[in-house]
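Everything on this sheet refers to the single structure shown next.
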Amino acid sequence: MTIAITGGGTGGHLTIAKILAYELKKRGLKTIFIGSTNGQDMLWFENSVLFDEKYFLKSSGVVNKKGISRILSLFKILALSFGCRKIFAKHDVKAVISVGGYSSAPAAFWAVANKIPLFIHEQNAEIGKINALLKRFAKRFYSSYFEPKFDYPIDEIFLKTARIRREVKTVMFLGGSQGANFINELAVKLAPHLAEFGYKIIHQCGEANEAKMREIYKKESINVELIGFSKMLHKFVESADLCISRSGASTLWELAANAVPAVFIPFPYAAGDHQYYNAKFLEQFCKIVRQSDADEERIFSIIQNFDVKAASIGLKKLIKPDGAKKIVDDIIENLKNEDKK
């Protein structure tokens, strides 16, 4: 049996694609990936051995387009969707798992049109446009925010290395793989104060910003463990006692799984303000500060007064393992029932 995983564009979608593919591979099931030439899909999976085959279509987003551009993009998606017939026929695809994002549209639409079971995973607290459109046609809709709730699929390494934080000794700034400019600028402003009070600083700034950030810290004579981007990010997260971060789905759940308390500064221009609502889900154990209110004085005060022990204990109790296993179990059970009909 071959299962197609589709979707991506950004790390939040692609992380779930990777984790679910790994779980399917453990069961001996064949998987193919259908993504886009745009976004980060090729960066993540072009050379990956996780999938039996990968396809990258020339799909692009529709949400922010208007007028004739929007109409043309919709026609392009329909054309790409029709083009999926050869891929599905070649691999005898029996089910499609969509992780959302614009690159999920062609394969997900083709699945619906041809009554191939569609399973959707939504990472955010505000449902993405494509997922919202296709939810009614899906065999199952998996979410950690909406009923019936499923545990979030998380890379096991974050759970295995989780520890209770008892005080703040090390502060980590997470700018993401692309580097969030606001987080980077905030880190630079806070670094002298943090260093003065004896805090160790870890700053993940994005590859494109690494040289510039290194020069700034060198000029200010501030000792910072600076990372552009690392596939071993969990090692740095494990060292942190408190993180200053955006609240994209994967980042939020990975920090929670490692029991790292966080000050979340949601990206204000995220679709549907979903980063804010993601963070609200962990409101009991984190601090949420709107970007317009996130000046260095306020953030420094939060760092100094954060009860990280209580938050860390709460996070460790909240996050459950085997999220991916439970979802794949459910998918397989649904497909077995489908075969009996």
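Using the three backbone atoms N, Cα and C, a Cβ is placed for every residue, glycine included.
Here the structure is a predicted model, which means the values were calculated and not measured.
If you look up Swiss-Prot, you'll see Thr10, Gly11, Gly12, Asn124, Ser177, Gln275 marked as UDP-N-acetyl-alpha-D-glucosamine binding site, on the strength of sequence analysis.
Fewest Cβ neighbours within 10 Å among the binding-site residues Thr10, Asn124, Gln275: this applies to Thr10.
With every protein chain in view, the residue among the binding-site residues Gly11, Gly12 whose Cβ has the most Cβ partners within 10 Å turns out to be Gly12.
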